[in-house]
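Novice: Next up is a structure, given as structure tokens.
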Ligand SMILES: Nc1ncnc2c1ncn2[C@@H]1O[C@H](COP(=O)(O)OP(=O)(O)O)[C@@H](O)[C@H]1O
Ligand SMILES: [Mg+2]
């Protein structure tokens, strides 16, 4: 599925603006702060129902406005996200209690849907400069990535994740009440079963994706990811029960998972390779490369699982990657609809053929 056009109303720095995209590649260029990343954010909002960068959704309202509309025309259907806040715009005015209310509504062909149903209709893979943080930042960043990939291809994963999150919250409450002496251990049983069942679904889906990524190669590099799984089972819950009651927290399960990036370095000249942690030993360039590897694998994984090739969104990545990887990007660009942004088009314009549509901001 491709996105043919995008209509923005009061989204970020845009008042009213429409864009048409090529079914091949579209290059958006313009100076800094003109709204290039905002356009990609709007497309991912249509894809996932969420912003990848707004801490509070109201941030997306154009300053001073409180009704924001993002509409995307795919071949079929039309997707729309409408954000409404009670005035004043809390992102700029006084922080107020209402900011969490107001709300977000999503529509497919004009029919209101739950975000849960809406998400994943249009599939996208986004790659931007901030993604290098995936290697070095906290585990929650990597878990969020896993959830976003699997959530796009598997509705059951989305359901299971919601149920698991709710289940652990409830279970934590029971743990707390046991600690306070107002609940009995048998009251944990129901929640134990639930978090074990959902937790195992989540971790086996995560494992499937990680195995897939490891089955793909990256030119000139030995990269792998290791699944640092926090297994959940009756035995494990039993083992941690006392600690859990003391902490009033569920201590094992996919909410404690992590993935570690590994690369192999030639330790001596006798081709004695060793797997090393990319977060600890890799240069920033090597870390970026690994994320590129992961994103390319993500494209193929989503296609394999859903039968639908995602739209590739590349935000300002040419300034970040080494010239030899530009080549690889350009190869990939032709394999699906791709929307790229850059502040310096001359750098690689010559590499593109005439088929690229250019939007100048
Ligand atoms: N809610 C908002 N209302 C008005 N302007 C905004 C809002 N959020 C961000 N902006 C503006 O959008 C611009 C940044 O857009 P961005 O897409 O990051 O630019 P770039 O073209 O560099 O990618 C900044 O000038 C910022 O002030
Ligand atoms: Mg930008």
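The backbone N, Cα and C atoms fix where each Cβ goes, and this holds for glycine too.
Heads up, TrEMBL stuff is auto-annotated, nobody curated it.
Note that the structure is predicted; figures quoted are calculated from it, not measured.
Pasting the relevant annotations from TrEMBL:
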- 3-351: domain 'RecF/RecN/SMC N-terminal' (DOMAIN)
- 30, 31, 32, 33, 34, 35, 36, 37: ATP binding site (BINDING)
Novice: Filtering 31, 32, 33, 36, 37 (binding-site residues) by proximity to ligand 1: which pass a Cβ cutoff of under 6 Å to any of its atoms?
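Specialist: Once distances to ligand 1 are taken from each Cβ, 32, 33, 36, 37 fall under 6 Å.
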Novice: Let me make sure I understand the structure: which of the binding-site residues listed (31, 35) has the fewest other Cβ atoms within 10 A of its Cβ?
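Specialist: Candidates: the binding-site residues 31, 35. Fewest Cβ atoms within 10 Å: 31.
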Novice: Between 0 and 100, where does the mean pLDDT of the domain 'RecF/RecN/SMC N-terminal' (3-351) sit?
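Specialist: Here the predicted model's pLDDT, averaged over the domain 'RecF/RecN/SMC N-terminal' (3-351), is 91.
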Novice: Hey, does DSSP put residue 35 (ATP binding site) in a helix, a strand, or just coil?
Specialist: coil
Novice: Count the other Cβ atoms sitting within 10 Å of the Cβ of residue 36 (ATP binding site), across every protein chain shown.
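Specialist: There are 21 of them.
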Novice: Run through the Cβ atoms and count how many others sit within 10 Å of the one on residue 37 (ATP binding site).
Specialist: 22
Novice: Measuring CB to CB from residue 30 (ATP binding site), give everything in the same chain under 8 Å that is also at least six residues away in sequence.
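Specialist: Residues satisfying the criterion: 36, 343, 360, 361.
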Novice: Counting other Cβ atoms within 10 Å of each Cβ, which of the binding-site residues 33, 34 scores lowest?
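Specialist: Counting other Cβ atoms within 10 Å of each of the binding-site residues 33, 34 gives the minimum at 33.
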Novice: Setting 30, 31, 32, 33, 34, 35, 36, 37 aside, what same-chain residues sit with their Cβ within 8 Å of the center of the Cβ atoms that define the ATP site, listed in sequence order?
Specialist: 341, 343, 361
Novice: Enter the number of other CB atoms within 10 angstroms of the CB of residue 32 (ATP binding site).
Specialist: 8
Novice: 32, 34, 35, 36, 37: which of these binding-site residues put a Cβ within less than 6 Å of any ligand 2 atom?
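Specialist: Cβ < 6 Å from ligand 2, in sequence order: 36, 37.
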